[in-house]
Amino acid sequence: MGPSSAFLGVLFLSGTLGLTTSPARGRLRCYTCSFAKPCDPVPRECREDEVCGVSVGTSGRTLVRWPFSRWLLSFLPMAAAATSAFLFCPTEQKEEEVIERKGCLPRAQCPLLGHATYWSRSYSLRHQCCEQDLCNAAASQPPPNLPLMTLLPLAAMIGWGVHDFL
């Protein structure tokens, strides 16, 4: 067995194992769409240092509402309502809006948090990255509803007869 046979054997073995002799790998193709709804994704080729990603942005806004404020305004004179409003504790209600965009992201940006402004509103971004062709097709799932997640185990415990032990 000569040197040329050994070289051909190594070349065949590296091809079988999926190793390539050229440094150029194919670039990823990712779906791309902006924050606008509905998202109609369009495939696009990324740059060498980019991966596919889904960026999910949340905008938390706190609204302060005074309990019984409508009742006070309708039944009491305006002056009395204005002076009595401080007697009631305000309630806070979080109103969160979620936006999403897909596209190519620099690999180094994946673990980092980001910020974006969309329609004059500020959003905190989290990135979910993947490294296969068109792997960012699926929509991200919204966070679970906290009251629902609390009630479901309680209902299951009652249904299974655990209420006897409580």
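Cβ atoms are placed via backbone N, Cα and C, with glycine included.
What you see is a predicted model, and the numbers here were worked out from it, not measured in a lab.
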Looking at Swiss-Prot, which of Cys30, Cys33, Cys39, Cys89 bridges to Cys52 via a disulfide?
Cys30
According to Swiss-Prot, the disulfide involving Cys129 connects it to which residue among Cys104, Cys110?
Cys110
Taking each of Cys30, Cys33, Cys39, Cys130, Cys135 in turn, which of these disulfide-bonded residues have a Cα lying within 10 angstroms of the Cα of Cys110 (disulfide bond)?
Cys130
Sorted by position, what residues of the same chain at least six away from Cys52 (disulfide bond) have a C-beta under 8 A from it?
Leu28, Cys30, Tyr31, Cys46, Lys102, Gly103, Cys104, Leu105, Cys129, Cys130, Glu131, Gln132, Asp133, Leu134, Cys135, Asn136
Which listed residue (Cys30, Cys39, Cys130, Cys135) has most other Cβ within 10 Å, given these are disulfide-bonded residues:
Cys30
